[in-house]
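Structure first, then comments.
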Amino acid sequence: MGQVLPLVIRQGDRIAIVSGLRTPFARQATAFHGIPAVDLGKMVVGELLARSEIPAEVIEQLVFGQVVQMPEAPNIAREIVLGTGMNVHTDAYSVSRACATSFQAVANVAESLMAGTIRAGIAGGADSSSVLPIGVSKKLARVLVDVNKARTMSQRLKLFSRLRLRDLMPVPPAVAEYSTGLRMGDTAEQMAKTYGITREQQDALAHRSHQRAAQAWSDGKLKEEVMTAFIPPYKQPLVEDNNIRGNSSLADYAKLRPAFDRKHGTVTAANSTPLTDGAAAVILMTESRAKELGLVPLGYLRSYAFTAIDVWQDMLLGPAWSTPLALERAGLTMSDLTLIDMHEAFAAQTLANIQLLGSERFAREVLGRAHATGEVDDSKFNVLGGSIAYGHPFAATGARMITQTLHELRRRGGGFGLVTACAAGGLGAAMVLEAE
(Lines of atoms letter the chains of each structure in order from A and count residues from 1; the text may use other names and numbers.)
(Lines give C-alpha, C1' and ligand atoms only; values in the text may rest on other atoms or scores of the structure.)
Protein backbone atom coordinates (compact mmCIF):
# COMPACT_ATOMS: atom_id res chain seq x y z
CA MET A 1 0.00 0.00 0.00
CA GLY A 2 1.37 3.41 -0.96
CA GLN A 3 0.97 6.71 0.82
CA VAL A 4 -2.46 7.64 2.15
CA LEU A 5 -3.27 11.29 1.40
CA PRO A 6 -6.12 12.52 3.62
CA LEU A 7 -8.25 15.24 1.99
CA VAL A 8 -8.60 17.61 4.94
CA ILE A 9 -7.99 21.29 5.54
CA ARG A 10 -5.40 22.55 8.02
CA GLN A 11 -7.88 22.42 10.90
CA GLY A 12 -8.68 18.78 10.15
CA ASP A 13 -12.02 19.38 8.44
CA ARG A 14 -13.10 17.02 5.69
CA ILE A 15 -14.22 18.24 2.27
CA ALA A 16 -18.01 18.07 2.38
CA ILE A 17 -20.30 17.80 -0.62
CA VAL A 18 -23.50 19.32 0.71
CA SER A 19 -25.71 19.31 -2.36
CA GLY A 20 -25.82 18.31 -6.02
CA LEU A 21 -28.22 18.81 -8.89
CA ARG A 22 -28.47 18.33 -12.63
CA THR A 23 -30.80 19.06 -15.48
CA PRO A 24 -32.45 16.14 -17.19
CA PHE A 25 -30.12 14.95 -19.95
CA ALA A 26 -31.48 15.25 -23.49
CA ARG A 27 -30.37 13.61 -26.71
CA GLN A 28 -28.82 15.92 -29.28
CA ALA A 29 -31.33 18.10 -31.15
CA THR A 30 -34.29 17.18 -28.93
CA ALA A 31 -35.57 19.02 -25.84
CA PHE A 32 -32.57 21.35 -25.44
CA HIS A 33 -32.15 22.06 -29.15
CA GLY A 34 -30.92 25.63 -29.51
CA ILE A 35 -30.11 26.06 -25.79
CA PRO A 36 -26.38 26.83 -25.37
CA ALA A 37 -24.32 25.24 -22.61
CA VAL A 38 -23.96 28.53 -20.76
CA ASP A 39 -27.74 28.74 -20.38
CA LEU A 40 -27.90 25.14 -19.17
CA GLY A 41 -25.19 25.99 -16.64
CA LYS A 42 -27.10 29.04 -15.40
CA MET A 43 -30.24 26.92 -15.16
CA VAL A 44 -28.70 24.27 -12.92
CA VAL A 45 -26.62 26.58 -10.71
CA GLY A 46 -29.55 28.94 -10.17
CA GLU A 47 -31.82 26.07 -9.16
CA LEU A 48 -29.10 24.47 -7.00
CA LEU A 49 -28.70 27.68 -5.00
CA ALA A 50 -32.46 28.15 -4.70
CA ARG A 51 -32.99 24.61 -3.40
CA SER A 52 -30.08 24.71 -0.98
CA GLU A 53 -31.25 28.05 0.48
CA ILE A 54 -27.58 28.92 0.97
CA PRO A 55 -27.08 32.69 0.80
CA ALA A 56 -25.34 33.56 -2.47
CA GLU A 57 -22.54 35.39 -0.64
CA VAL A 58 -21.51 32.13 1.08
CA ILE A 59 -20.22 30.79 -2.26
CA GLU A 60 -16.73 32.19 -2.76
CA GLN A 61 -15.69 30.35 -5.91
CA LEU A 62 -17.30 28.72 -8.93
CA VAL A 63 -15.29 26.37 -11.14
CA PHE A 64 -17.18 25.17 -14.17
CA GLY A 65 -16.30 23.24 -17.29
CA GLN A 66 -17.32 22.99 -20.90
CA VAL A 67 -15.79 20.67 -23.50
CA VAL A 68 -17.48 21.94 -26.67
CA GLN A 69 -16.27 25.52 -26.38
CA MET A 70 -18.36 28.45 -27.59
CA PRO A 71 -16.24 31.41 -28.77
CA GLU A 72 -18.79 33.99 -27.58
CA ALA A 73 -18.60 32.77 -23.95
CA PRO A 74 -15.10 31.34 -23.40
CA ASN A 75 -15.28 31.64 -19.59
CA ILE A 76 -18.56 29.85 -18.92
CA ALA A 77 -17.96 29.96 -15.16
CA ARG A 78 -17.90 33.73 -14.98
CA GLU A 79 -20.99 34.02 -17.20
CA ILE A 80 -22.86 31.72 -14.80
CA VAL A 81 -21.94 33.92 -11.83
CA LEU A 82 -23.11 37.03 -13.66
CA GLY A 83 -26.26 35.35 -14.96
CA THR A 84 -27.59 33.78 -11.76
CA GLY A 85 -27.62 36.67 -9.32
CA MET A 86 -24.56 35.44 -7.45
CA ASN A 87 -22.29 37.95 -5.76
CA VAL A 88 -20.34 39.68 -8.55
CA HIS A 89 -17.18 39.34 -6.46
CA THR A 90 -17.38 35.53 -6.63
CA ASP A 91 -14.19 34.11 -8.12
CA ALA A 92 -14.96 32.08 -11.24
CA TYR A 93 -12.91 30.27 -13.85
CA SER A 94 -13.41 27.51 -16.39
CA VAL A 95 -11.70 24.16 -16.87
CA SER A 96 -11.67 21.42 -19.47
CA ARG A 97 -10.50 17.81 -19.12
CA ALA A 98 -12.65 16.20 -21.82
CA CYS A 99 -15.08 13.68 -20.29
CA ALA A 100 -13.53 14.15 -16.83
CA THR A 101 -14.12 17.91 -16.79
CA SER A 102 -16.40 18.13 -13.77
CA PHE A 103 -14.09 15.74 -11.89
CA GLN A 104 -11.43 18.39 -12.45
CA ALA A 105 -13.77 21.19 -11.36
CA VAL A 106 -14.50 19.34 -8.11
CA ALA A 107 -10.79 18.71 -7.50
CA ASN A 108 -9.98 22.38 -8.06
CA VAL A 109 -12.60 23.57 -5.57
CA ALA A 110 -11.39 20.93 -3.10
CA GLU A 111 -7.83 22.21 -3.45
CA SER A 112 -8.98 25.78 -2.78
CA LEU A 113 -10.74 24.52 0.35
CA MET A 114 -7.61 22.67 1.49
CA ALA A 115 -5.46 25.73 0.81
CA GLY A 116 -7.76 27.78 3.01
CA THR A 117 -8.48 30.41 0.36
CA ILE A 118 -12.22 29.65 0.38
CA ARG A 119 -14.69 27.87 2.66
CA ALA A 120 -17.40 27.10 0.09
CA GLY A 121 -17.58 26.73 -3.67
CA ILE A 122 -19.52 25.27 -6.58
CA ALA A 123 -18.11 22.87 -9.18
CA GLY A 124 -19.77 21.51 -12.29
CA GLY A 125 -20.02 21.43 -16.03
CA ALA A 126 -22.35 21.83 -18.97
CA ASP A 127 -22.27 20.89 -22.63
CA SER A 128 -24.54 21.18 -25.62
CA SER A 129 -24.18 18.93 -28.64
CA SER A 130 -27.08 20.82 -30.22
CA VAL A 131 -25.45 24.27 -30.22
CA LEU A 132 -22.09 23.78 -31.88
CA PRO A 133 -19.34 26.19 -32.95
CA ILE A 134 -19.54 25.74 -36.71
CA GLY A 135 -16.29 27.11 -38.12
CA VAL A 136 -14.85 28.16 -41.46
CA SER A 137 -12.01 26.70 -43.51
CA LYS A 138 -8.45 27.69 -42.63
CA LYS A 139 -8.06 29.36 -46.02
CA LEU A 140 -11.19 31.48 -45.55
CA ALA A 141 -10.16 32.38 -42.00
CA ARG A 142 -6.78 33.57 -43.24
CA VAL A 143 -8.33 35.61 -46.05
CA LEU A 144 -10.78 37.25 -43.64
CA VAL A 145 -7.90 38.33 -41.40
CA ASP A 146 -6.00 39.72 -44.40
CA VAL A 147 -9.12 41.50 -45.69
CA ASN A 148 -9.45 43.22 -42.34
CA LYS A 149 -5.92 44.58 -42.79
CA ALA A 150 -6.35 45.57 -46.45
CA ARG A 151 -6.46 49.31 -47.15
CA THR A 152 -8.37 49.46 -50.44
CA MET A 153 -11.36 47.77 -52.04
CA SER A 154 -9.18 46.42 -54.86
CA GLN A 155 -6.90 44.73 -52.32
CA ARG A 156 -9.92 43.16 -50.63
CA LEU A 157 -11.37 41.90 -53.92
CA LYS A 158 -8.00 40.43 -54.89
CA LEU A 159 -7.87 38.52 -51.61
CA PHE A 160 -11.41 37.16 -52.03
CA SER A 161 -10.57 36.05 -55.58
CA ARG A 162 -8.17 33.45 -54.14
CA LEU A 163 -11.06 31.52 -52.61
CA ARG A 164 -12.76 28.53 -54.19
CA LEU A 165 -16.27 27.27 -53.50
CA ARG A 166 -14.97 24.53 -51.20
CA ASP A 167 -13.25 27.17 -49.06
CA LEU A 168 -16.65 28.69 -48.27
CA MET A 169 -18.15 25.48 -46.87
CA PRO A 170 -18.78 25.46 -43.07
CA VAL A 171 -16.48 23.26 -40.99
CA PRO A 172 -18.17 21.20 -38.25
CA PRO A 173 -16.38 20.55 -34.92
CA ALA A 174 -13.79 17.80 -35.09
CA VAL A 175 -14.87 14.43 -33.73
CA ALA A 176 -11.43 12.83 -33.98
CA GLU A 177 -8.48 13.11 -31.62
CA TYR A 178 -6.23 15.96 -32.71
CA SER A 179 -3.05 13.94 -32.11
CA THR A 180 -4.08 10.66 -33.74
CA GLY A 181 -7.03 11.35 -36.01
CA LEU A 182 -8.87 8.50 -34.26
CA ARG A 183 -12.49 8.84 -33.20
CA MET A 184 -13.45 7.63 -29.73
CA GLY A 185 -15.42 4.82 -31.36
CA ASP A 186 -12.31 3.70 -33.23
CA THR A 187 -10.54 3.38 -29.90
CA ALA A 188 -13.49 1.44 -28.47
CA GLU A 189 -13.20 -0.96 -31.42
CA GLN A 190 -9.48 -1.31 -30.71
CA MET A 191 -10.25 -2.23 -27.12
CA ALA A 192 -12.96 -4.72 -28.03
CA LYS A 193 -10.50 -6.55 -30.27
CA THR A 194 -7.55 -6.31 -27.85
CA TYR A 195 -9.46 -7.70 -24.88
CA GLY A 196 -11.75 -10.14 -26.68
CA ILE A 197 -15.00 -8.36 -25.85
CA THR A 198 -17.87 -9.68 -27.93
CA ARG A 199 -20.83 -7.87 -29.45
CA GLU A 200 -23.13 -9.89 -27.18
CA GLN A 201 -21.27 -8.75 -24.05
CA GLN A 202 -21.44 -5.12 -25.15
CA ASP A 203 -25.14 -5.29 -25.94
CA ALA A 204 -25.85 -6.99 -22.61
CA LEU A 205 -24.08 -4.22 -20.69
CA ALA A 206 -25.95 -1.53 -22.63
CA HIS A 207 -29.27 -3.28 -22.00
CA ARG A 208 -28.44 -3.57 -18.29
CA SER A 209 -27.63 0.14 -18.16
CA HIS A 210 -30.97 1.15 -19.68
CA GLN A 211 -32.97 -1.27 -17.54
CA ARG A 212 -31.37 -0.04 -14.31
CA ALA A 213 -31.72 3.63 -15.23
CA ALA A 214 -35.38 3.11 -16.12
CA GLN A 215 -35.93 1.35 -12.79
CA ALA A 216 -34.18 4.17 -10.91
CA TRP A 217 -36.58 6.69 -12.43
CA SER A 218 -39.56 4.42 -11.82
CA ASP A 219 -38.59 4.01 -8.15
CA GLY A 220 -38.27 7.78 -7.69
CA LYS A 221 -34.58 7.56 -6.80
CA LEU A 222 -33.51 10.40 -9.07
CA LYS A 223 -36.27 12.86 -8.23
CA GLU A 224 -34.24 14.83 -5.67
CA GLU A 225 -31.16 15.22 -7.83
CA VAL A 226 -32.74 16.12 -11.20
CA MET A 227 -34.53 19.43 -11.67
CA THR A 228 -37.44 20.10 -13.99
CA ALA A 229 -36.19 22.15 -16.93
CA PHE A 230 -38.46 24.81 -18.39
CA ILE A 231 -37.38 25.51 -21.94
CA PRO A 232 -38.45 28.32 -24.27
CA PRO A 233 -41.22 28.65 -25.43
CA TYR A 234 -42.18 27.04 -22.08
CA LYS A 235 -44.94 24.82 -23.44
CA GLN A 236 -43.50 21.49 -22.33
CA PRO A 237 -41.04 21.10 -19.41
CA LEU A 238 -38.42 18.36 -19.48
CA VAL A 239 -38.77 16.28 -16.32
CA GLU A 240 -36.70 13.15 -17.03
CA ASP A 241 -33.77 12.06 -19.19
CA ASN A 242 -35.06 11.32 -22.67
CA ASN A 243 -32.49 8.79 -23.84
CA ILE A 244 -33.44 5.87 -21.58
CA ARG A 245 -34.93 2.87 -23.39
CA GLY A 246 -36.81 1.10 -20.63
CA ASN A 247 -38.81 -1.16 -22.95
CA SER A 248 -35.97 -2.38 -25.15
CA SER A 249 -34.92 -6.02 -25.45
CA LEU A 250 -31.57 -7.60 -26.21
CA ALA A 251 -32.95 -8.59 -29.59
CA ASP A 252 -33.39 -4.89 -30.39
CA TYR A 253 -29.69 -4.22 -29.78
CA ALA A 254 -28.65 -7.05 -32.07
CA LYS A 255 -30.39 -5.41 -35.04
CA LEU A 256 -28.03 -2.44 -35.22
CA ARG A 257 -25.05 -2.36 -37.55
CA PRO A 258 -21.53 -1.45 -36.37
CA ALA A 259 -21.01 2.32 -36.35
CA PHE A 260 -17.24 2.60 -36.77
CA ASP A 261 -15.72 -0.57 -38.24
CA ARG A 262 -18.54 -1.35 -40.66
CA LYS A 263 -17.21 -4.73 -41.76
CA HIS A 264 -15.76 -6.37 -38.64
CA GLY A 265 -16.84 -4.07 -35.81
CA THR A 266 -18.94 -4.64 -32.70
CA VAL A 267 -19.42 -1.07 -31.44
CA THR A 268 -22.86 0.27 -32.34
CA ALA A 269 -24.92 3.36 -31.58
CA ALA A 270 -26.87 1.30 -29.04
CA ASN A 271 -23.87 0.14 -26.99
CA SER A 272 -22.29 3.62 -26.97
CA THR A 273 -23.25 6.87 -25.29
CA PRO A 274 -25.27 9.25 -27.46
CA LEU A 275 -24.46 12.91 -28.04
CA THR A 276 -26.27 14.70 -25.23
CA ASP A 277 -27.12 18.13 -23.80
CA GLY A 278 -27.18 18.88 -20.07
CA ALA A 279 -25.57 20.41 -17.00
CA ALA A 280 -24.73 19.35 -13.44
CA ALA A 281 -23.19 20.98 -10.36
CA VAL A 282 -22.30 20.29 -6.73
CA ILE A 283 -21.71 22.53 -3.72
CA LEU A 284 -18.58 21.81 -1.69
CA MET A 285 -17.49 23.34 1.60
CA THR A 286 -15.43 22.60 4.65
CA GLU A 287 -17.07 20.35 7.20
CA SER A 288 -17.08 23.12 9.81
CA ARG A 289 -18.65 25.62 7.40
CA ALA A 290 -21.46 23.15 6.70
CA LYS A 291 -22.06 22.78 10.45
CA GLU A 292 -22.12 26.57 10.91
CA LEU A 293 -24.85 26.79 8.27
CA GLY A 294 -26.82 23.89 9.74
CA LEU A 295 -26.31 21.74 6.65
CA VAL A 296 -26.09 17.94 6.63
CA PRO A 297 -23.62 16.94 3.89
CA LEU A 298 -24.53 14.34 1.29
CA GLY A 299 -21.04 12.99 1.87
CA TYR A 300 -17.34 13.70 1.70
CA LEU A 301 -14.55 13.61 -0.85
CA ARG A 302 -12.09 11.02 0.44
CA SER A 303 -9.51 11.03 -2.38
CA TYR A 304 -9.00 11.62 -6.07
CA ALA A 305 -6.49 10.77 -8.79
CA PHE A 306 -5.87 11.77 -12.38
CA THR A 307 -3.75 9.78 -14.82
CA ALA A 308 -2.58 9.95 -18.43
CA ILE A 309 -1.51 7.25 -20.90
CA ASP A 310 -0.49 7.01 -24.55
CA VAL A 311 -3.22 7.83 -27.07
CA TRP A 312 -2.31 5.46 -29.88
CA GLN A 313 -3.48 2.21 -28.33
CA ASP A 314 -6.49 1.64 -26.05
CA MET A 315 -6.47 5.19 -24.68
CA LEU A 316 -9.79 4.82 -22.83
CA LEU A 317 -8.24 2.82 -19.99
CA GLY A 318 -8.39 5.74 -17.55
CA PRO A 319 -10.36 3.87 -14.85
CA ALA A 320 -7.89 0.97 -14.81
CA TRP A 321 -5.05 3.43 -14.21
CA SER A 322 -6.64 6.02 -11.91
CA THR A 323 -8.66 3.70 -9.65
CA PRO A 324 -5.72 2.01 -7.85
CA LEU A 325 -4.16 5.40 -7.20
CA ALA A 326 -7.37 6.89 -5.77
CA LEU A 327 -7.94 3.82 -3.58
CA GLU A 328 -4.34 3.94 -2.37
CA ARG A 329 -4.68 7.60 -1.42
CA ALA A 330 -7.94 6.82 0.41
CA GLY A 331 -6.34 3.96 2.33
CA LEU A 332 -8.90 1.52 0.91
CA THR A 333 -9.18 -1.51 -1.35
CA MET A 334 -11.86 -2.56 -3.83
CA SER A 335 -13.43 -4.80 -1.20
CA ASP A 336 -14.03 -1.77 1.04
CA LEU A 337 -16.28 -0.13 -1.54
CA THR A 338 -20.06 -0.15 -1.26
CA LEU A 339 -20.62 1.20 -4.78
CA ILE A 340 -18.64 1.54 -8.00
CA ASP A 341 -19.80 3.95 -10.69
CA MET A 342 -17.82 3.89 -13.93
CA HIS A 343 -18.52 6.19 -16.85
CA GLU A 344 -19.83 4.13 -19.76
CA ALA A 345 -18.42 5.93 -22.79
CA PHE A 346 -18.79 2.65 -24.68
CA ALA A 347 -19.73 -0.80 -23.47
CA ALA A 348 -16.43 -2.09 -24.91
CA GLN A 349 -14.40 0.48 -22.98
CA THR A 350 -16.30 -0.26 -19.75
CA LEU A 351 -15.84 -4.02 -20.03
CA ALA A 352 -12.14 -3.64 -20.87
CA ASN A 353 -11.55 -1.56 -17.75
CA ILE A 354 -13.46 -4.03 -15.58
CA GLN A 355 -11.31 -6.82 -17.01
CA LEU A 356 -8.04 -4.99 -16.29
CA LEU A 357 -8.98 -3.98 -12.76
CA GLY A 358 -9.06 -7.68 -11.94
CA SER A 359 -5.94 -8.59 -13.93
CA GLU A 360 -2.82 -9.58 -11.99
CA ARG A 361 -0.78 -9.44 -15.20
CA PHE A 362 -1.87 -5.88 -16.01
CA ALA A 363 -1.09 -4.82 -12.44
CA ARG A 364 2.42 -6.29 -12.52
CA GLU A 365 3.52 -5.65 -16.11
CA VAL A 366 1.81 -2.34 -16.85
CA LEU A 367 1.12 -0.60 -13.54
CA GLY A 368 4.15 -1.98 -11.72
CA ARG A 369 2.02 -3.09 -8.79
CA ALA A 370 2.27 -6.33 -6.84
CA HIS A 371 -1.42 -7.22 -7.07
CA ALA A 372 -4.49 -6.53 -9.16
CA THR A 373 -6.66 -3.61 -8.09
CA GLY A 374 -9.52 -6.06 -7.56
CA GLU A 375 -12.45 -7.79 -9.19
CA VAL A 376 -15.50 -5.61 -9.80
CA ASP A 377 -18.50 -6.96 -7.90
CA ASP A 378 -21.48 -6.78 -10.25
CA SER A 379 -23.85 -6.15 -7.34
CA LYS A 380 -21.97 -2.90 -6.59
CA PHE A 381 -21.36 -1.78 -10.16
CA ASN A 382 -23.41 0.97 -11.86
CA VAL A 383 -26.40 -0.07 -9.81
CA LEU A 384 -28.59 2.73 -11.20
CA GLY A 385 -27.35 2.38 -14.77
CA GLY A 386 -24.74 4.53 -16.44
CA SER A 387 -23.91 6.95 -19.21
CA ILE A 388 -25.07 4.67 -22.02
CA ALA A 389 -28.58 5.11 -20.65
CA TYR A 390 -28.51 8.60 -19.17
CA GLY A 391 -26.45 10.18 -21.92
CA HIS A 392 -23.19 12.05 -21.70
CA PRO A 393 -23.03 15.87 -21.80
CA PHE A 394 -19.24 15.72 -21.61
CA ALA A 395 -18.52 18.27 -18.87
CA ALA A 396 -21.56 17.36 -16.76
CA THR A 397 -21.13 13.60 -16.39
CA GLY A 398 -18.70 13.62 -13.44
CA ALA A 399 -20.97 15.82 -11.31
CA ARG A 400 -23.92 13.57 -12.19
CA MET A 401 -22.00 10.50 -11.06
CA ILE A 402 -20.85 12.10 -7.80
CA THR A 403 -24.34 13.28 -6.82
CA GLN A 404 -25.98 10.01 -7.85
CA THR A 405 -23.47 7.88 -5.96
CA LEU A 406 -23.72 9.90 -2.75
CA HIS A 407 -27.52 9.73 -2.73
CA GLU A 408 -27.40 5.96 -3.27
CA LEU A 409 -24.79 5.51 -0.52
CA ARG A 410 -27.06 7.36 1.90
CA ARG A 411 -30.01 5.15 0.93
CA ARG A 412 -27.83 2.15 1.79
CA GLY A 413 -26.81 3.51 5.17
CA GLY A 414 -23.46 4.99 4.15
CA GLY A 415 -20.14 3.59 3.03
CA PHE A 416 -17.54 4.27 0.36
CA GLY A 417 -18.15 4.83 -3.33
CA LEU A 418 -15.81 5.00 -6.30
CA VAL A 419 -16.60 7.16 -9.32
CA THR A 420 -14.25 6.87 -12.28
CA ALA A 421 -14.05 7.86 -15.93
CA CYS A 422 -11.94 7.68 -19.04
CA ALA A 423 -11.40 10.80 -21.13
CA ALA A 424 -10.07 11.81 -24.52
CA GLY A 425 -6.33 12.29 -24.75
CA GLY A 426 -5.64 9.12 -22.75
CA LEU A 427 -6.76 10.77 -19.52
CA GLY A 428 -8.37 9.11 -16.53
CA ALA A 429 -10.05 10.24 -13.32
CA ALA A 430 -11.18 8.52 -10.13
CA MET A 431 -12.64 9.78 -6.86
CA VAL A 432 -13.46 7.99 -3.64
CA LEU A 433 -16.53 9.31 -1.85
CA GLU A 434 -17.76 8.66 1.67
CA ALA A 435 -21.27 8.93 3.09
CA GLU A 436 -22.52 8.39 6.63
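Backbone N, Cα and C define each Cβ position, glycine as well.
No curator has checked TrEMBL annotations; they are predicted automatically.
Taken straight from TrEMBL:
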type	residues	note
ACT_SITE	Cys99	active site, acyl-thioester intermediate
ACT_SITE	His392	active site, proton acceptor
ACT_SITE	Cys422	active site, proton acceptor
DOMAIN	15-288	domain 'Thiolase N-terminal'
DOMAIN	297-434	domain 'Thiolase C-terminal'
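Annotated features taken from TrEMBL, shown on the structure.
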residue: Cys99; record: active site, acyl-thioester intermediate; CB count, 10 Å: 30
residue: His392; record: active site, proton acceptor; CB count, 10 Å: 26
residue: Cys422; record: active site, proton acceptor; CB count, 10 Å: 36
Structural state of His392 (active site, proton acceptor), classified by DSSP into three states: strand
C-alpha spacing of the residue listed as 'active site, acyl-thioester intermediate' relative to His392 (active site, proton acceptor), in angstrom: 8
For the domain 'Thiolase C-terminal' (297-434), the number of residues DSSP places in helix, strand and coil: 57 helix, 34 strand, 47 coil
